[in-house]
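**Q** Before anything else, here's the structure in question.
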Amino acid sequence: MTPAPKSSFVLAHRHLLGIEGLSAADITGLLDLSEEYVELNRQIDKKRTSLRGRTQVNLFFEASTRTQSSFEIAGKRLGADVMNMSVSSSSMRKGETLIDTAVTLNAMHPDLLVVRHHASGAVELLARKVDGSVVNAGDGAHEHPTQALLDALTIRRNKGRLEGLTIAICGDVMHSRVARSNILLLNIMGARVRVVAPSTLLPPGIERMGVEVARDMREGLNGADIVMMLRLQRERMNGSFVPSSQEYFQYFGLDQKKLGYAKPDALVMHPGPMNRGVEIDSIVADGAQSLIREQVEMGVAVRMAVLEALARNLPNA
């Protein structure tokens, strides 16, 4: 059995529904606890007992591989009893409402619920109807807080800080919950955030979120410490936002030439899944400047930290 982490950080919130509402101290506390789990996860014995006797329900109304698997591994390594539910196996497929599902689940007294839903705000609605702690694993185009936290951890481990860095977030900003959560977190932590996309993929009024806006890669990547690529979220598009995948890659896909517009020591990130040859070239994705695989590793550590920090607030914790 691995030793307990030294950090005694407790998240001063019952749920983690988004980055919005978190303080710099909250974020730093979660990242510091995550750092300890990175090291613990690299040991042969990865099991902890901090969630022993707790029940964690992963309720995913959208298909997910990496996020659901990451939360499942995180819960099991902490000793929780983990149950996975998908929309295909839920009563909602038979017409049950989200509220009825929440009330039914609450009657089973789960301690932690990890929820992903296609509708923005659905996770917050569900959280109002349950007694346990809820983690937002992505709601529509609204937020994906644990992705932003794992991205922040990855950046901090490689650059030593977040404050003062220039982060270029490139691609389908319009439909991206990852972009929104990252913008919120990076602004809180004092980074300079720039979004890079064609006008059709920029939400109206994005400047009000405290970002710089660029509509071509040369301008957008100039001086960037981190280049964060986003995929085209065609499942959230009602019409044609780009002429074609080939033309999009020509102007906004990240290849070696465009990466050269950033700082020489710039690092590349992508939340996944990647569309190779659309928003990113394979040579860049698999190259020496890529942090994409490391992001996946950081995801488990961050989700362990989030689950533990919330569980420390639960009754009899």
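Counting starts with 1 at the first residue shown.
In case you wondered, yes, glycine gets a Cβ from its N, Cα and C as well.
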**Q** With ARG66, THR67, HIS144, GLN147, GLY272, PRO273 listed by Swiss-Prot as carbamoyl phosphate-binding, which of these, ARG116, ARG192, ARG312, is given for the same site?
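**A** Of ARG116, ARG192, ARG312, ARG116 joins ARG66, THR67, HIS144, GLN147, GLY272, PRO273 in the carbamoyl phosphate site that Swiss-Prot records.
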**Q** Just the number: how many Å between the Cα atoms of PRO273 (carbamoyl phosphate binding site) and ARG231 (L-aspartate binding site)?
**A** 8
**Q** Counting Cβ atoms within 10 Å of each candidate's own Cβ, which of the binding-site residues ARG66, ARG116, ARG231 comes out highest?
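**A** That would be ARG116, with the highest Cβ count within 10 Å.
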**Q** Given the binding-site residues GLY272, PRO273, and counting only Cβ atoms in the protein chains shown, which has the most within 10 Å of its Cβ?
**A** GLY272
**Q** Taking Cα atoms as reference points, which of the binding-site residues ARG66, THR67, HIS144, GLY272 is nearest to ARG231 (L-aspartate binding site)?
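**A** Of all the candidates listed, GLY272 is nearest in space.
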**Q** Minimum Cβ neighbour count within 10 Å among the binding-site residues HIS144, ARG177: which residue?
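**A** Result for the binding-site residues HIS144, ARG177: minimum number of other Cβ atoms within 10 Å at ARG177.
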**Q** Give the sequence-ordered list of residues that share a chain with GLN147 (carbamoyl phosphate binding site), lie 6 or more positions from it, and have CB atoms under 8 Å from its CB.
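**A** For GLN147 (carbamoyl phosphate binding site), the qualifying residues are THR67, GLY138, ARG177, VAL178, SER181, ASN182, PRO271, GLY299.
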**Q** Residues near the carbamoyl phosphate site, ARG66, THR67, ARG116, HIS144, GLN147, GLY272, PRO273 excluded, by Cβ within 8 Å of the Cβ center?
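**A** Those within range, site residues removed, are SER64, SER70, ALA137, GLY138, VAL178, PRO271.
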